[in-house]
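The feature ATP binding site is assigned by TrEMBL to Gly377, Gln378, Thr379, Gly380, Ser381, Gly382, Lys383, Thr384. Residues or ranges marked as coiled coil by TrEMBL: 5-39, 83-151, 241-285. Under the heading domain 'Kinesin motor', TrEMBL lists 285-619.
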Amino acid sequence: MERELDAFKQSMERDTSDATNLKEEIKTLQSRVAELEAIRSQITAINDELKSDLRDAKSYMATANMELETTRRNHTFEVDDMRRKYRNDMEDLQEKYRKEADKLRRQSEEAADKQRKEFEAQIDKLLKMHADELETVQKKLKSQVEEEQGRRSREAQAIESEFKLKLQNAGLEADTKERENQLVKGELTNTKAELDRERGVKTSLQHQLSEAAALNLTLDASNKAMKAKIDFLESDSQAQSEAFNDLHRRMEEAIEAAEAANEKLRQEEALRRRLHNQVQELKGNIRVMCRVRPTNPDTENNPATILYPDSNTDSKEVTIMGQDKKSAMGTVTTANYAYSFDRVFGPKSQNNEVFEEISQLVQSALDGYNVCIFCYGQTGSGKTFTMSSEDGMIPRATRQIYAEAERLEEKGWRYQIEGNFVEVYNETYNDLLGRSEDLDKKKLEIRHDSAKKSTTIENAVSVLLDSPDRVSEIMRTADKNRSVAATRANSRSSRSHSVFILKLVGVNSVTGERSEGTLNLVDLAGSERLEHSKVEGARLKETQNINKSLSCLGDVINALGSSKEGGHVPYRNSKLTYLLQYSLGGNSKTLMFVMVSPLQAHLQESLTSLKFATKVYNTHIGTAKKQTKTG
Ligand SMILES: Nc1ncnc2c1ncn2[C@@H]1O[C@H](COP(=O)(O)OP(=O)(O)OP(=O)(O)O)[C@@H](O)[C@H]1O
């Protein structure tokens with residue numbers, strides 16, 4: 001218990017000391033609170049002070065702002081004043097300068113006037129001087145002329161006196177001649193006397209002659225023999241004359257037979273024309289042929305696989321092998337695209353083989369039909385090579401026309417051949433035979449004569465083809481014009497359609513027949529479909545125009561194939577079809593060459609061209625009529 005009390009006591013002591021400590025601490029804290037209170041009152045005082053400072057500062061700011069506003073306004077007034085002053089100064093200066101300029105202008109005018117007067121005075125002086133000089137020269141010339149006249153008249157007098165002298169001498173000579181004449185007359189009298197003497201001599205000679213007659217009798221025998229010979233010869237000449245008469249009769253018979261043969265020939269020519277055109281009609285009035293050009297081993301590689309399944313028989317088929325395709329199952333297939341046309345020419349074919357096929361159409365043009373031969377295909381597929389190279393269709397066709405026209409002369413035909421060469425570029429016509437500087441400038445007009453079904457191109461140069469050489473001249477002019485244009489619009493020939501037109505007018509003087517045919521040889525612009533997004537500007541316009549005109553050509557052929565006679569054909573939708581209106585359709589014969597590049601890179605374009613050609617191939621166009629008149 002005691003221990004517990006002790007422990008309690010000790011705990012009480014500890015609590016007491018703790019309480020004492022606490023009291024101490026409270027005291028310390030109270031003194032700190034008092035300190036803090038003092039600080040807070042200090043802060044309140046400072047705060048009040050600051051508030052009053054702030055108020056002061058605000059009022060100061062307001063005053064400063066007002067002052068600033070006043071200063072700004074003053075400054076604005078000052079600037080306005082200065083501006084006004086500056087404007088006034090400027091006006092003063094301008095006035096001053098204007099006055100000075102006027103003064104200077106007046107001065108320069110006065111100076112110019114003075115100078116002009118001086119010049120005029122100088123000119124007057126010079127004129128006077130020249131007039132004086134002229135007068136002196138005139139006087140000098142006059143005296144020279146007078147002197148010359150005097151000299152000439154003296155010379156004339158000398159010549160006259162010389163002539164008189166010569167006349168006198170001639171008179172004297174005439175007297176001498178007269179005297180000589182008298183002498184000759186005397187001589188003549190003497191000669192007459194001599195003649196009389198000679199006559200006497202002659203009489204004696206006649207006597208001698210009668211004596212010689214006796215001698216003549218001896219010659220009679222031989223004379224008779226000679227006569228017998230002459231008789232014999234005379235009888236021979238009669239035989240000859242009979243033979244001659246016989247020959248003459250036979251010759252007349254031969255002439256008659258020849259005339260009959262000629263007549264028969266004429267009839268046969270008419271029959272040939274009929275049959276030829278029947279054959280052409282049976283073949284159809286629109287024909288399509290395909291030509292695949294060879295690869296150039298120096299510059300081209302990777303050719304496409306192109307097959308010609310019937311090249312040993314008909315040569316009408318072509319198959320293009322596409323690229324290998326792998327299916328989802330992993331099997332590889334090769335697409336092949338087969339086409340057939342009236343004729344397919346492989347890469348080994350030559351221009352002469354191609355021409356053999358078209359020569360019959362050229363003949364039809366001479367017989368009075370309108371014929372149109374096109375080359376269609378992408379750039380570089382061989383259109384120009386086939387159509388207008390040195391041994392291409394244009395030179396060959398014209399050569400055939402000359403040869404044939406010459407042959408037909410025997411049958412009474414006389415042909416006039418006239419050529420035009422025009423281009424359709426960006427839906428405008430250009431004359432390839434005109435001056436190169438007129439290209440894209442000179443306007444050509446197309447005139448159609450619906451009654452005659454013929455077309456004339458106004459303002460275009462027409463060349464009379466009176467010799468085969470003229471064709472090469474024409475080709476050269478056209479080439480030159482296009483190469484000039486090429487520098488302006490890059491590879492012009494690929495971007496324009498060129499149309500070579502031959503008008504063939506034949507008249508038969510024997511039968512009175514007349515035929516008018518036209519042969520159009522057309523090298524179309526490259527058919528490749530450029531993506532519009534990849535071209536722009538002038539090139540885009542070209543491309544749009546090419547695409548438009550080629551698709552219009554397709555539309556026209558399509559309309560001709562599907563519409564009845566007299567149905568609407570949209571010739572007017574493009575310049576090309578408008579120009580060829582009477583050479584496309586019922587009244588004409590059309591041949592389209594689709595040209596194909598052999599390269600793999602061009603495969604897609606080749607397929608597009610072949611597709612277009614197939615559409616044309618499947619078109620049937622009505623029977624052609626020839627433009628022949630009798631009268
Ligand atoms: N049958 C062929 N035999 C040999 N070479 C050919 C044949 N066809 C075309 N070529 C050659 O191929 C190239 C392209 O031919 P070409 O210029 O005729 O093409 P194009 O279709 O007329 O082109 P563009 O539209 O540019 O005028 C030329 O170098 C030409 O000589």
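Numbers here mean position along the shown chain, with the first residue as 1.
Backbone N, Cα and C atoms are what each Cβ position is placed from, and that goes for glycine too.
Structure coloured by features recorded in TrEMBL.
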residue : record           : contacts (Cβ under 8 Å, 6+ apart)
Gly377  : ATP binding site : Lys383, Leu524, Gly526, Ser527, Phe593, Val594, Met595, Val596, Ser597, Ser609
Gln378  : ATP binding site : Gly526, Ser527, Glu528, Met595, Ser597, His602, Glu605, Ser606, Ser609
Gly380  : ATP binding site : Ser494, Gly526, Ser597, His602
Ser381  : ATP binding site : Arg293, Met595, Val596, Ser597, His602, Ser606, Ser609
Gly382  : ATP binding site : Arg291, Arg293, Met595, Ser597
Remark   = Near ATP: residues not in Gly377, Gln378, Thr379, Gly380, Ser381, Gly382, Lys383, Thr384 with Cβ within 8 Å of the site Cβ centroid are Arg293, Cys375, Ser494, Gly526, Met595, Ser597
Key: Spatial neighbours of the coiled coil (5-39) far in sequence, C-beta under 8 Å, 6+ residues away   = none
Message = Taking ligand 1 as the reference and 6 angstroms as the Cβ limit (strictly under), which binding-site residues among Gln378, Lys383, Thr384 are close?
response = Lys383, Thr384
Request  = Provide the number of Cβ atoms within 10 Å of the Cβ of Lys383 (ATP binding site), excluding the reference atom itself.
outcome  = 29
Request  = Let me know how many other Cβ atoms fall within 10 Å of the Cβ of Thr384 (ATP binding site).
outcome  = 17
Query = Around Thr379 (ATP binding site), how many other CB atoms lie within 10 A of its CB?
reply = 17
